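Visitor: For reference, the structure I am asking about is given below.
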Amino acid sequence: MEFGRISRRHLLQGGAAVTLGAATGIRPVFAAETTIGFIYVGSRDDYGYNQAHAQGAAALKKIPGLKVVEEEKVPETDAVEKTIESMINLDGATLLFPTSFGYYNPHMVKMANKFPKLHFEHCGGLWSDKDPKNAGSYFGYIDEAQYISGIVAGYSSKSGKLGFVAAKPIPQVLRNINAFALGARLANPKATTQVIFTGDWSMPVKEAEATNSLIDQGVDVLTCHVDGPKTMVENAARRGAMVCGYHVNQSPLAPKAYLTGAEWNWEALYPKFVKMIAAGESIPNFYRGGLKEEIVKTSPYGEAVSAEARKHADDVKAKFLSGDGYAIFKGGLVDNKGKTVIAAGTDRGQKDPELEKMDYLVEGVVGATS
Amino acid sequence: MADGSIGLWTVPLAVLGGAIRVSTPFLFVSLGECITERSGRINLGLEGTLVMGAMSAYGISYLTGSPWLGVLAAGITGALLGALHAGICSLPRVNDIAVGIALMLFGTGLAFYLGKPLIEPTAPRLPAIDFGWWSDIPQVRAALRVNVLFLIGVALAPILYWAFRTTRWGLLIRTAGESSDAARAMGHSVLLIRLRATMVGGFLAGIGGSFLSLFYPGSWNEGLSSGQGITAVALVIFARWDPLLCLWASLAFGGAAALGPALQSVGVTSGYHLFNAAPYILTLAIMIITCSPKRTLTGAPAELSITR
C-alpha cells in the first residue's frame, strides 16, 4: 500500500527530527512552534516594497521555534481573506502580517473579528479605537529618510531640478514627495521637485516613460515611490542621471549613479514584535517610528555625494536620532497653490496624525494631486 | 534652454520617443498574430508568449552573456508555445479562443515560476543605435536611440504585406484563412499551414517579449507586460489584418503610452488617469467606430471562429 508506506516514512522522519532536536539541545524560544504568515501584494524579490518585508520575514526564519509561511501576489481584494483563512486553518498561523496598504479595511479587520485570539499586524493602516484589539497597524516614518535623500539630492543636482516618479496620490506617497522636496530646499532653496504619477504600484513601462520625460525636462536626480524602483533606477542611470533609492538598497543596480536611499528596516522590527509577544507583552495597536526607532534607515552614501552634502545630511540625521526629535513639517508651510497648510507656530511632529491625512504638495513641488 | 530643459517640446518629443521605444512589442506581437489569423486561427495566448519570451530572453542573456542568444531563445520559446497552441487546436472540436486563454494563463504562470530567480540579477542588454548624432540636444538624442529590433519590425511590416499579396506561401496562408475547403481541394494540409503560421506568430511574439526585458524598460519583473500582448491582439483586428496598418497602429499605441507621463512632466496634471488610459480609450473608440451588426469586418479572414 502506497499510502501506508508514505505515512510511515513521514512518521520516521518526524521522529528523527525530534530526536535530533533533543540531541543537539536546541531550546526553542517558544513552547510550541509558532507559525507566522506573511502576505505580499507583489513578488517578494522585486527590489522594492515586498522585498523589504520579505527580508524582515527572513530575519524571523532564523529564530528557532518559528515557522514562517509566505504567499506572494495576493491582490487587495477578498482574495486576501481567503489567504488569511488558509494560513490560519491549514498552516496554523497565529500571527499574521498582511503587508499591503489595501489589505487593512475591510479585509484584515473582518478577519481579526473572526479570529479574536490571533494577532494581526498590518503595515501602513490607520488603527483606530473602533478596530479590533487583536489587530494593529505599524508603519515607519520613511519620510525622515526621504528628507535625508532630498538633502543629498539637492546638493548633487546641477540643474536644481529633481524628479519623483510616484504611483498614486495617497497620503503616504505625498508625505514622501513633500519630505524629499523640503529636504532638497534645505540644500538648495531654489530646487524644484517635479512629480509624475503613474497611476498604479507596478507599471514598468509607465515608470520608464516617466523617468525619460523627467530627464527630458532637465531633471538630473530622481527618486520614486512605486513598488519596484528597479525600472526607474536602471533607466535613469542609463540616461546619465543620478538616483536616490527607495524601499531597499538599489545601489547594486547602478553603483555610480546611486546617491543614497530611503530603506525600510523590517529586519530589525519584526524580531522585536515576536520577542514582545513571546514575553507576554502586547504590541501597541498603533505602532510608529522612524530613524530613531530603527524602523527606517538610509542607504550608505554613494561615491558621487560631496563632503558638504554628507555633513549636512549627517547633521540632520543626528537631530532625528536625538531625544528631542525633529519636525520636517514646520509651521508656516505653504502648498504649491499658495495656500498655508500648516499655520505658523504649530510644528507638526512626526507622530502627528494630521500628517497621515496629507492631501497637498508643498511649495517647490511641480505637479498636482489630481 | 540654458538649463537643459526643452519646455513644451517635451510632449511631441516624448510621443515620438515613446512611439519608437514602446511600440516594438506591439509591432512584433501584432505582426505575428496577423500571420496566425490570416491562416484562419486566433491565438489569444500571445500575452503568455510575450511574457515567456521576455523571461527566457532575460534568463539566456544572463546565463550566456549574449543578449542576441536571448532574443533567439525568446523566439524559439514563442515558436514552441505556438506549436502547442496549433497542436491542441488541430484536435477535433477544440475552440482556438479557449485554448488561447488557457495558454495565456499557462505562459504567464510558467514565466513567473521560472523567472523567480531572474528578478534580482542584471543581464546584459541589447545595444542601441544612435540616430540622434546630428543633434546637440540630449533629449533628441535620447529619443532617437533606436534598437535594431524596432528596425527589423518596421522592415518586416512591408515585407509581410508584399509576401501576403505576391508569394506562394502568402497565398497558401490566405487560402487556409479564407476557405479551408479550397486549400484542401488544392491538396494542402490546412492543419500544417496553420501550425506553421501559429509557430511563426509565436516566434515573433517571443521576440517582442525579448525587447521588453532586454531593451525597454529593460529588466525582468512580473508586471513587465501589463497586458501589452492582449492589446496587440486587439490591435490586429482594428488594423484589419493588414501588416502595414499594424505598423501604424503600433506606433500610435506607443506614442499614446508616452502621452500621460509627458503631459505631467510639462505641468498638465489634470486628468492624468485619463491620459494614462489613452491607449485603451483609443482601442475602445476604434472598436466601436468600426463595428457593425450588419456585416463582418472588412478584411477579416472568413475562417476565423469569430467571423464564421
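Just so it is clear, glycine is given a Cβ too, placed from its N, Cα and C backbone atoms.
What TrEMBL records for this protein is below:
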TRANSMEM  B:6-32  transmembrane segment
TRANSMEM  B:44-63  transmembrane segment
TRANSMEM  B:69-90  transmembrane segment
TRANSMEM  B:97-115  transmembrane segment
TRANSMEM  B:142-164  transmembrane segment
TRANSMEM  B:195-217  transmembrane segment
TRANSMEM  B:223-239  transmembrane segment
TRANSMEM  B:246-266  transmembrane segment
TRANSMEM  B:272-291  transmembrane segment
Visitor: By Cβ distance under 8 Å, which residues at least 6 away from the ends of the transmembrane segment (B:142-164) in the same chain are close to it?
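Guide: Contacts with the transmembrane segment (B:142-164): 13-14, 16-17, 20, 23-24, 27-28, 31, 34-35, 38, 71, 126-132, 135, 170, 173-174, 204, 207, 210-211, 215-216, 242-244, 246-247, 250.
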Visitor: Between the stretches B:44-63, B:69-90, B:97-115, B:195-217, B:272-291, which wins on the count of C-beta pairs under 8 angstroms to the transmembrane segment (B:6-32)?
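Guide: Answer, by Cβ pair count: B:195-217.
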Visitor: Below 8 angstroms Cβ to Cβ, which residues of this chain, lying six or more residues outside the transmembrane segment (B:272-291), approach it?
Guide: 231, 234-235, 237-238, 252-253, 256-257, 259-261, 263-264, 297
Visitor: Who are the chain neighbours of the transmembrane segment (B:97-115) in space, where the CB to CB distance is under 8 Å and they lie at least 6 residues beyond its ends?
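Guide: Distant Cβ neighbours of the transmembrane segment (B:97-115) are 42-52, 54-56, 58-59, 81, 84-85, 88-89, 220, 222, 225, 229-230, 305-306.
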